[in-house]
Amino acid sequence: MPRFPDQLLYIGGRYVPARGGHTFEVVNPATGEVLANVHNADADDLDAAVDSAKAGQRHWAALTVVERSRILLRAVALLRERNDALAELETLNTGKPLSETRSVDIVTGADVLEYYAGVAQALQGVQVPLREGSFFYTRHEPLGVVGAIGAWNYPIQIALWKAAPALAAGNAMIFKPSEVTPLTALKLAEIFTEAGLPDGVFNVLPGDGASVGHALTEHPEIEKISFTGGTATGRKVMASASSSSLKDVTMELGGKSPLIVCADADLDLAADIAMMANFYSSGQVCTNGTRVFVPRALRTAFEARLLARVQRIHIGDPLDERTTFGPMVSAAHMQRVLEHIEQGKAEGARLLCGGERLRDGALAQGCYVAPTIFSDCTDVMTIVREEIFGPVLSLLTYDDEDEAITRANATSYGLAAGVVTPDLSRAHRLIHRLEAGICWINTWGESPAPMPVGGYKQSGVGRENGLATLQAYTRTKSVQVELERYASVF
């Protein structure tokens, strides 16, 4: 018997059953417990959601910026008021420790919504005189109905990252959460309605890519798609969006990000950063710094510091406040991570710790993979080249700065990068040469609301967060005004 009742679609400000009658199970990855049967949307449901969104968007866009901002700020207050309950639901669905979801997931999502509610007034056009009797002005107009597809690792945070700028700019959004972790996106829809968002302005369609995701990307009345997920899927989404109606797209995709530890680095600080860049959220973070470059002479000392810190990881029940490391999000994903680990062993990487599924006691019921560190890695190894999206750190050695930069950039990805050094001149010199969209110096992982987030190369297109993203949910209209009598040449 599932813990929760059946979860329906959210269309037009209320819950409705899927027209096709199909459902899928959502499972707690820490225990294997079935949490709920979720209705699976299809193309017919999408058409209903689009009709609802079009009607709601006209009302929403007609409100003043101040009126829209007040509603969004009421949603912020409700999110913060219900932080603990939402965090517990997120933990049950994702397996992430409650200590994380309470302090990060809802908090940072609400921060982004508050940010866009505050800066929406910045959508101002320009007025430019052309001559004494003529000028033009520009205005930013909402796109209309936009679509978004979320990832499974930060379900409610990603939903808010995508909804906040879209709604602040006057659009309606149809959001498809990951079929693995759809529960909190539905709660977010409830909160938006309670806050006063017009019906249809935020619709949620759970379901898989084949039944509703593809239909969303190719629907002719959806003006933009924002997608977070793997690069291979991102290519398909982009192709579908462009071939159907030349939709604008934002893509936040995969990464294999480098963390460069410089020869003058504080090794304790560097080890702390490397641990957070690899084992936070059990390694299921797109920006993880999984390729850790350390000077050859410091390898042994650095390995010792990493191993000491692995001993401090508290693996267990995600609902236990002491837990700092939970399971993989699903059995299928756990298997993919374990296959990469076995490939690392087969290709000659030296296993320092972990490298196996955890089966002790209650952990056997869940999808737990031990924190894993490989040393003596080379650039051609599969674990160094491919995104694993799990708790697997690859340690590589280098001899000089130029070598480190060249090898760090030798990837098709370009999402994130980091440098650890007390010499800020060196830090900036290295960062400016690294081919990545998000870079950190002597820290890792923070993405505040005003900071644009996105990748180079095959790690993405466009940006999430920041002022430019608000503008990306609008189109610019140019209007020329002639004050004097128009002079025709005919």
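Note: Cβ is positioned from N, Cα and C throughout, glycine not excepted.
Copied from Swiss-Prot, the annotated features are:
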ACT_SITE  Lys162  active site, charge relay system
ACT_SITE  Glu252  active site, proton acceptor
ACT_SITE  Cys286  active site, nucleophile
ACT_SITE  Glu464  active site, charge relay system
BINDING   Asn93, Val180  K(+) 1 binding site
BINDING   Gly150, Ala151, Trp152, Lys176, Pro177, Ser178, Glu179, Gly230, Thr231, Ala232, Thr233, Gly254, Cys286, Glu387  NAD(+) binding site
BINDING   Leu246, Lys457, Gly460  K(+) 2 binding site
MOD_RES   Cys286  cysteine sulfenic acid (-SOH)
SITE      Asp248  site 'Seems to be a necessary countercharge to the potassium cations'
DSSP-derived class (H/G/I helix, E/B strand, else coil) of Lys162 (active site, charge relay system): helix
DSSP secondary structure for Thr233 (NAD(+) binding site), reduced to helix/strand/coil, please. helix
Reported as an integer number of Å, what is the Cα distance between the residue listed as 'active site, proton acceptor' and Trp152 (NAD(+) binding site)? 13
Three-state secondary structure, which DSSP defines for Gly150 (NAD(+) binding site): coil
Could you check the recorded positions Glu179, Asp248, Glu252, Glu464 and say which one's CB has the fewest neighbouring CB atoms inside 10 Å? Asp248
Say you check the Cα of Gly460 (K(+) 2 binding site) against those of the binding-site residues Asn93, Gly150, Val180; which is nearest? Gly150
Quick one: give me the count of other CB atoms within 10 A of the CB of Lys162 (active site, charge relay system). 26
Using a 10 Å cut-off on CB atoms, tell me which of the recorded positions Val180, Leu246, Cys286 is the least crowded. Leu246
List only the single closest residue to Asp248 (site 'Seems to be a necessary countercharge to the potassium cations'), chosen from the recorded positions Trp152, Thr233, Lys457, Glu464 by CA-CA distance. Glu464
